[in-house]
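**Student:** Starting off with a structure, shown below.
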Amino acid sequence: MLDIKWIRENPETLDKALAKRGAAPLSSELIALDEKRREHVGKVQAAQERRNAASKEIGKAMAAKDMGTAEKLKAEVGELKDFLAHAEEDERRLSKELSDALSTIPNIPLDDVPLGKDESDNVELRRIGNPHNFSFQPKEHFELGEALGYMDFERAAKLAGARFTVLKGPLARLERALGQFMLDLHTTEHGYTEVMPPLMVRDEAVYGTGQLPKFSEDLFRTTDGRWLIPTAEVPLTNLVAEEIVDMKGLPLRFTALTPCFRSEAGSAGRDTRGMLRQHQFLKVEMVSITDAESSVAEHERMTACAEEVLKRLGLPFRTVVLCTGDMGFGAQRTYDIEVWLPGQNTYREISSCSTCGDFQGRRMNARYRPEGEKSTRFVHTLNGSGVAVGRALIAVMENYQQEDGSIHIPEALQPYMGGLTRIEKAA
């Protein structure tokens, strides 16, 4: 959430930032709401002060046996109480109107984010690894998985409908191995603390990270009002909600391997075959909580941690910076890491690493107190996939496929596979 004080002082900056995102100007509307609220608050405060003063004057008039004045003051206090009973409710309503309006405004892109309308305007930063030249036509992961007998979309559809997968045998173990490998890397070498968070959260948590109120259609909700997490970013970031964290302990770095649940609203017709776009999938998430001065450097560090996963797996990838029109709602800047999929002959996103500034910290009311200062500041937050486990499985299958349809297991994963070096067709 943006600071209304900042918006009052920088209306043109806000509207220019919204224009970069392809959105209409909103500063005038927001400032008008704020002025209406501030004017009303002024009236309420004046009425409260007069009520308190008149109440004291009643006592003085009674002591002086000036009953006429006392009665007039009592009548005035009664009128003020009646006014305040309605006015304080109006104040809450006006404050909510402003808060609701602010909650739908996206974050302000950093100055170095490239301008653009959509993913075609994203800017490539680097490529690591060269795509393998196959001596045969490489297959897509779902062709390989079904031929091996370990990937079953038909039974998954029978159980749950479209966009689900059943993995069996060594492919199920390979997905588990990938998640464990990523967690071990991030916790033992990258300094992240592993967390096993709830998979269902309250409204406040999803609001804090920015999925609510604007993107509720992308989420699954239980009958008792909880939300299935679309990413572990939600519970990990909200660990510090409504808290003042010790600045000496910053940065806080959390990681988790969880199922994620998404309705994929608006994705009709996209990636309908295979595991690329699922309602349920595994992902390793990284979250950092920092002070204001450290978040830019932390963004580079987090992205490097995600890239290291793919380097260890020997998977070719590229890193791009998203343009203003392709960034997520809460991000100030986002790096996408795209892995090479030879079956599709293209790069596909496998990780997205974003710095959000104090946007989420303000929504969560998560703060820290700089050393030597009495006042607090909102924390800066960052999140990144480290990485999407299902997509990593896809990438391993396609990049390590053999002409006979078997899958070579990358060396980094073999210790997690009981020494198995190849996945072959089920007997």
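Glycine is no exception: its Cβ is also placed from the backbone N, Cα and C atoms.
Reproduced below are the annotations present in Swiss-Prot:
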BINDING   THR231, ALA232, GLU233, GLU285, SER385  L-serine binding site
BINDING   ARG262, SER263, GLU264, GLU349, ILE350, SER351, SER352  ATP binding site
**Student:** Looking at the binding-site residues THR231, ALA232, GLU233, GLU285, SER385, which has the shortest Cα distance to ILE350 (ATP binding site)?
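**Tutor:** That would be SER385, nearest by Cα distance.
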**Student:** Max Cα-Cα distance in Å among ARG262, SER263, GLU264, GLU349, ILE350, SER351, SER352, the residues listed as binding ATP?
**Tutor:** 19
**Student:** Would you identify the secondary structure of GLU233 (L-serine binding site) according to DSSP, in three states?
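**Tutor:** SS state of GLU233 (L-serine binding site) = helix.
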**Student:** If you draw a 10 Å sphere on the Cβ of ALA232 (L-serine binding site), how many other Cβ atoms land inside?
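**Tutor:** Its Cβ shell of radius 10 Å holds 27 other Cβ atoms.
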**Student:** Checking the binding-site residues THR231, ALA232, GLU233, GLU285, SER385, which are within 10 Å of SER263 (ATP binding site) at the Cα level?
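**Tutor:** The binding-site residues close to SER263 (ATP binding site) (Cα within 10 Å) - there are none.
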**Student:** Measuring C-alpha to C-alpha, could you say which of the binding-site residues THR231, ALA232, GLU233, SER385 are within 10 Å of SER351 (ATP binding site)?
**Tutor:** SER385
**Student:** Expressed to the nearest Å, what is the distance separating SER352 (ATP binding site) and THR231 (L-serine binding site) at their Cα atoms?
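**Tutor:** THR231 (L-serine binding site) has its Cα 12 Å from the Cα of SER352 (ATP binding site).
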**Student:** Give the helix, strand or coil assignment DSSP yields for SER352 (ATP binding site).
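**Tutor:** DSSP assigns SER352 (ATP binding site) to strand.
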